[in-house]
Amino acid sequence: MKQEFTRIAVKVGSNVLARRDGTLDVTRMSALVDQIAELNKSGVEIILISSGAVASGRSEIHPQKKLDSVDQRQLFSAVGQAKLINRYYELFREHGIAVGQVLTTKENFSTRRHYLNQKNCMTVMLENGVIPIVNENDTISVSELMFTDNDELSGLIASMMDAQALIILSNIDGIYNGSPSDPASAVIREIEHGKDLSNYIQATKSSFGRGGMLTKTNIARKVADEGITVIIANGKRDNILVDLLQQPDDTVCTRFIPSTEAVSSVKKWIAHSEGFAKGEIHINECATDILSSEKAASILPVGITHIEGEFEKDDIVRIMDFLGNQVGVGKANCDSAQAREAMGKHGKKPVVHYDYLYIE
């Protein structure tokens with residue numbers, strides 16, 4: 001059955017766009033652009049999250065002296081991003097499609113204001129027939145605030161832009177029930193909510209990127225929980241994007257079945273804000289049980305056992321259960337001093353209101 005998506009996010013990994021020697025595979029890039037153009041002309045809005053800047057720059061410049069990993073990455077990215085976006089511009093122009101470059105950093109998602117500003121920018125681009133091409137701005141990203149890889153960025157973009165599907169293109173067909181190199185292994189075609197995949201995932205990283213299948217799976221789960229279909233497929237297969245939408249039953253991939261529960265725009269932002277958390281709120285067993293139920297509940301002071309770190313009102317905080325496991329993230333309704341003052345008391349205002357609480 002044909003997939004009727006009207007807006008999708010497509011993430012293309014470094015291993016799809018780079019040859020074995022690290023140079024840009026222009027032939028593969030051109031083929032992907034042809035497919036995106038075909039889908040775009042059929043009425044599908046597409047946001048492209050593209051790796052490949054570092055791989056592209058690696059083939060363009062040879063440092064005069066040995067550089068540390070950060071300097072080398074920034075150099076290759078600065079040179080390679082210009083080459084990458086220029087190539088995309090030329091390829092899409094052949095189809096009469098305009099593209100716009102969106103370079104972002106993790107810090108740009110840390111506040112609701114910056115988050116909405118980015119969303120508005122890309123919304124205007126889509127409304128005017130422009131395909132946003134998104135990548136992390138490696139030249140100014142600091143190591144401790146870099147995305148794990150573009151899988152993490154693509155999940156955030158898909159969520160922010162209310163995409164109906166996120167397609168992650170890698171160099172394998174999906175998630176296998178064994179080692180991908182084992183002929184007896186098969187691709188897991190569908191993954192339902194809550195299915196345990198820990199026995200199947202190998203925490204290995206790609207040759208040119210920073211991510212691996214473990215990262216992809218974690219991102220896919222979070223995005224699917226927000227009601228977005230997530231597909232992991234092989235970007236080196238001919239016509240893969242068109243086939244995924246027009247012949248999904250006959251196309252090998254791993255599909256994460258989305259949750260049917262609606263998630264608000266604010267909670268989507270909070271769900272991806274864990275990396276900006278300023279503190280931790282630890283709750284007792286009773287509060288933990290309430291949060292794990294179907295009941296809509298806020299974090300009340302009476303259920304808090306202790307607070308770690310210092311935070312201000314509206315900062316992101318982690319919610320930890322009575323065993324010390326993270327169960328969610330939320331936006332603080334007061335600062336840490338006020339939270340400590342109210343801790344354990346009845347009749348006090350929520351420290352984290354339900355409307356600004358995301359339970360994992």
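Note: Cβ is positioned from N, Cα and C throughout, glycine not excepted.
Note that the structure is predicted; figures quoted are calculated from it, not measured.
Copied over from Swiss-Prot, here are the features:
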BINDING   Lys11  ATP binding site
BINDING   Ser51, Asp138, Asn150  substrate binding site
DOMAIN    278-356  domain 'PUA'
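Features per Swiss-Prot, on structure.
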| residue | record | Cβ within 10 Å |
| --- | --- | --- |
| Lys11 | ATP binding site | 30 |
| Ser51 | substrate binding site | 29 |
| Asp138 | substrate binding site | 22 |
| Asn150 | substrate binding site | 27 |
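In the three-state DSSP classification, Lys11 (ATP binding site) falls within a strand. Pairwise Cα distances among Ser51, Asp138, Asn150, the recorded substrate-binding residues, top out at 11 Å.
A gap of 8 Å separates the Cα atoms of Lys11 (ATP binding site) and Ser51 (substrate binding site). According to DSSP, Asn150 (substrate binding site) is assigned to a helical segment. Taken together, the residues of the domain 'PUA' (278-356) have an average pLDDT of 95. Secondary structure by DSSP for the domain 'PUA' (278-356): 20 helix, 23 strand, 36 coil.
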